[in-house]
Amino acid sequence: MAPTLAVFKLASCDGCQLTLLDCEDELLALAGEVDITHFLEASSAVAPGPYDLSLVEGSVTTAEDAERIRAIRAASRHLVTIGACATAGGIQALRNFADVDEYRRVVYAHPEYVATLATSTPVSAHVDVDFELRGCPIDRRQLIEVITAFLAGRKPDVPDHSVCFECKRRGTVCVTVAHGTPCLGPVTHAGCGALCPAYHRGCFGCFGPSGSVNLPALIPLLRRDGLDEDAVERFLHTFNAAAFDKIDKE
Amino acid sequence: MTHRGSRVLHVGSLSRVEGEGALRLRVHDGTVTEARLEIYEPPRFFEAFLRGRSYTEPPDITARVCGICPVAYQMSACAAIEDACGVSVDPVIRELRRLLYCGEWIESQALHIYLLHAPDFLGRTSAIDLARTHRAEVERGLRLKKAGNSLMELLGGRAVHPVNVRLGGFHRVPAVDELRSLEEELKQALDDAWDTVRWVAGFEFPDAEVAADLLALAEPDTYAIESGTPTVLRTDGTRTSFPVRDFTEHVTETHVAHSTALHSRLDGRLHLTGSLARLAISGARLSPVALEAAVAAGLGDPRAGAVCRNPFRSILVRAVETVYAVGEALRIIRAYEPPARPYAEVPPVAGVGHGATEAPRGVLYHRYELDADGIVTSALLVPPTAQNQGAIEDDLRRLAQRALGEPDVDDGELTALCERAIRNHDPCISCSTHFLDLTVVRTAGEDAGGCDA
């Protein structure tokens, strides 16, 4: 029997699970190696668990999803979170620093119709997670590596060093050193291939904090390069706000 | 199975749509009394947390509303904020934006045609299932989809949430040779898009007609994508338009109980936006090759006023639009000369700005209010699927009612029909919703039909 693969979605934009469908060259080959038994975005054939590998996109923002993620965990031999929402709460975790009732009133004419938790939390805050794949969105090559590794029973080769390493490897001139461009590369987890500096902009932290982060060293550089205190806070408070905030407070 | 008795059908979540959602169909003594596409998105509160952000951030932030159409969000955000700041961009930048948008159209339309919609016409559960008997066709669809992604990766940095878009233009514009490197892949894509038109033209289409007004952007000289004037073709055949800045005076949203999406009406009436509306309103502005494709697809000649209102046939329109988008991409690449600067400076101005562009599934409107320092003080996003929800429900009601009038329709067939009716409109539920279970509640007399999932 081929191993079974499932894909689930919580609060998210669909972009990380779309990344699996964006593996145009590998998709049919993958479908020959695994049995994709639950992937609502792609198939109306849905089989119950257990699943050998479950990929989970999205963060937990409702009481129902908090229950659902427990059921998914119970049905999954390995559970891998894909993307910044599932791994760090995503951009919707900006509510964690605000008054969610006020948010509800701003967006909805009848806030009483809308059920939501006060926080957006990563899957790991609710259940054990076997591996967390970073990124907003995840990188296609890393996704293939993670699936391959779990099928082979080995650890994924996904280094946790910073984006700076990827710029050096790519031969990209440092945008901060050469142009004084504010860049989160020194504190951001590698994985995108250092895209932004190659497009002449500073990294904006899609992949969240790297394995060793030194914010007190970085923040004066951001200030020197023209960001005021509010702008520094906004820079760190986007797709991985909760993860950077946790490090800032440590 | 009877369709007059008390009955509850619970069929699990809707599949092959972007995002997750639920449908409730209530049948009372043989009559559909309620057809509801229920939207339960766990709210993500973009319009709330955009307040207090810098005016430079909405293109990157709002892309995260939708992983399927991030370029649409980036383009509507740029258009709205540049409008607020009184900046208009260089014609070459406009063309590059259109090129990036063509990449998203190609990717998204190929995704919907091959992976989400075609399995319905061939009795399959997925594209992977379909590949067992139609491998060459599925490979062609994936190759076409990949061509769209290649375009987005080159110009935008990556296919989901591109990094290269900024106010006023791009962080970096490509060299001529870089863009030209895509030409071979796009020439193949043009052949694949044509083969797609011929393939889907052979499908069988149930009769149906959308009974809603059609809304799309229109430009005088081209098929509108990244800009245009909101234009309405009413069910009586009359045509009107209004400026983008008046969008919310015409398209009004109401918040319906048990839903986290906001329902829209256009001048108080149901309306539909997306491929069918675009072809009806701008079809005569298609390129010669795309006009030829429309005729080959059996859609008639848009220049002679042909209008398709059958939502099952929207797959034909998506195929024609794919031919158009690939052709546009080739045209732009061949004519490209890099601009003097990759972007125009956009200094902040206190005020309000409006922007609307054509996401693959319809008009996406953004509105921002900025203070003099460029801080966003209010934001409004009106996604296409929220606009289409009323027309989709109307389709469901009429299709289900007609099916109930036929002999021997069981709940399984009714359910499959309802799911198809939703997929016809390529809803982007992640733009507006979350989990969706299909529940058919059938009641007779005062006898309640059961629980609602």
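Along the chain as shown, the residues are counted starting at 1.
Just so you know, glycine gets a Cβ as well, placed from its N, Cα and C.
Secondary structure from DSSP puts B:E47 (Mg(2+) binding site) in a helix. Under the heading Mg(2+) binding site, TrEMBL lists B:E47, B:L381, B:H434.
The Ni(2+) binding site annotation in TrEMBL covers B:C66, B:C69, B:C428. Counting every protein chain shown, the number of other Cβ atoms lying within 10 Å of the Cβ of B:C428 (Ni(2+) binding site) is 31.
Mapped onto three states, the DSSP output places B:C69 (Ni(2+) binding site) in coil. The Fe cation binding site annotation in TrEMBL covers B:C69, B:C431.
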Cα-Cα distance linking B:L381 (Mg(2+) binding site) and B:C428 (Ni(2+) binding site), given in Å to the nearest integer: 14
Cβ neighbours of B:L381 (Mg(2+) binding site) where a neighbour is any other Cβ within 10 Å: 23
Which listed residue (B:C66, B:C69) has most other Cβ within 10 Å, given these are binding-site residues: B:C69
Packing count at B:E47 (Mg(2+) binding site) (other Cβ atoms within 10 Å of its Cβ): 19
Nearest-integer angstrom distance between the alpha carbons (Cα) of B:C69 (Ni(2+) binding site) and B:L381 (Mg(2+) binding site): 14
Rounded distance in angstrom between the Cα atoms of B:E47 (Mg(2+) binding site) and B:C66 (Ni(2+) binding site): 14
Cα distance (Å, whole number) from B:C66 (Ni(2+) binding site) to B:L381 (Mg(2+) binding site): 12
